[in-house]
Amino acid sequence: MASMYSSSLEALQLPFENLYLFDNSSLSLNASSAGVFPDPQRNHGLGFSRVGSFRSCLDDFTGKSTNLGSSMFDNVNWFNGFSNGSPGFQPIFSLDSEYSYGYSNWVIDMAKTEEGSKDLQKLLSNSKNSNMIFSWVFDFIVELMIDQSGRYLFQKLIESADETQLQMILERLLVPHNYIYYASLLKYGSCSIKKLITVLEKSPLITYVIKALSDTFEKLMMDPIGHYVIFECLDVLDSQTNDPLNIQAMKQCLELVRHEQGSVSMNGFVTRIKGPRRDQLLNLISRNSAFLAQDPTGNYVVQCVIQLQNPAMNDQIFRNLEGYYVKLSTTKTGSYVVEHCFLSSGLDRVINELLRSDRLVSVAKDRYGNYVVQTALKESKKREISLHGSLVVKLEQHFKCLQHGYGRNVLSVLRSLQ
């Protein structure tokens, strides 16, 4: 199949020479239906009859049958200022003809093979060919961007597209459905959306992408694939552009961190966020640290903030956890948080609370607490020798009790540090 497409490149280029092209300098977004795009009242089935796999995926998300053939001209609220029938738009042919649709289908089939996609990408180096390929794949742009091989043609196409063509692609992806969101949940679709973000980095059009992502922020952050699209925004775009995402992160933070995937995603978000919203988000987590430290997934974001070594935030966390250190030490999730406090500037706070407690031996014999006491001994030996001595004396008073169960692990560390 691929060799057949490759050998037919000459045949593909021949019809390019006999067709009129767009006047890109003044192409209207809502162009006349006599031009490149089909009349919204006709040919819906023909224009999108190929998008079977994505329709099925979309139906799963929406819970109802989705018509991917809906017109790009219906309910256009995202874009304003574009008039119908612009005199700058020059039709190249009518998509009502079997001839034009035949080539569209043929090009899409070609793009969905490895060799065919590579050959079409080569043709994009010529602006005349680029415009023609754009006109033929436009109605199938969603199908193209989520395909394993087709996505490479999509990515190359948006690199060579002008601002008007990028506007048209965005409208196709946003009206009437938020295909940016749906594509972000798919393996190859997410790669295409990340590339779109990079291409639009300096363009005002990026605000439409950010709005589409912020509207579905919580769902994307809870998805094992979708959250990488959010990360791409944080890695590529400036803090002002990302502000809608940052606001959503603060609104959804406490809900997300109690979700298994959401917690992992929020950790990545916390380490990437830039600008003034960063301290606001860290402060929100720090204020709720006593609650989150006891949560099976929320504790991870507390650990993440402690590891950032922000003095103000860590001081707030350590103060909020005072009175809870002993209790946290004997729980699976809490013990991790306490150990991170030892590795930061909270060492003296935690050890002093352990020394004041009459439950130190119980902590040392606990299945989770023994790890906390081991870490306390090791870290205090390196950094707070006076506290280390006090801890050793108190533990040695209960030598016999520690000779059984998990207490033996603590005695082993005591001997190794002498």
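Cβ coordinates come from backbone N, Cα and C, glycine included.
Mean pLDDT for the domain 'PUM-HD' (74-418) in this predicted model: 90. Annotation comment: TrEMBL describes 74-418 as domain 'PUM-HD'.
Marked as repeat 'Pumilio' by TrEMBL: 136-171 (among others).
Residues of the same chain lying 6 or more positions beyond the ends of the repeat 'Pumilio' (283-319) and with a Cβ under 8 Å from any Cβ of it are 250, 253-254, 257-260, 262-264, 266-267, 270-271, 328, 331, 333-334, 336-337, 340-341, 343-346, 349. Feature annotation from TrEMBL assigns repeat 'Pumilio' to 283-319 (among others).
Among the features that TrEMBL reports, repeat 'Pumilio' is placed at 353-394 (among others). With a cut-off of 8 Å between Cβ atoms, the residues of this chain six or more beyond the repeat 'Pumilio' (353-394) that come close are 322-323, 325-326, 329-332, 334-335, 338-339, 342-343, 347, 401-402, 404-407, 409-410, 413-414, 417.
The residues of the repeat 'Pumilio' (136-171), classed with DSSP into helix (H, G, I), strand (E, B) and coil, number 30 helix, 0 strand, 6 coil.
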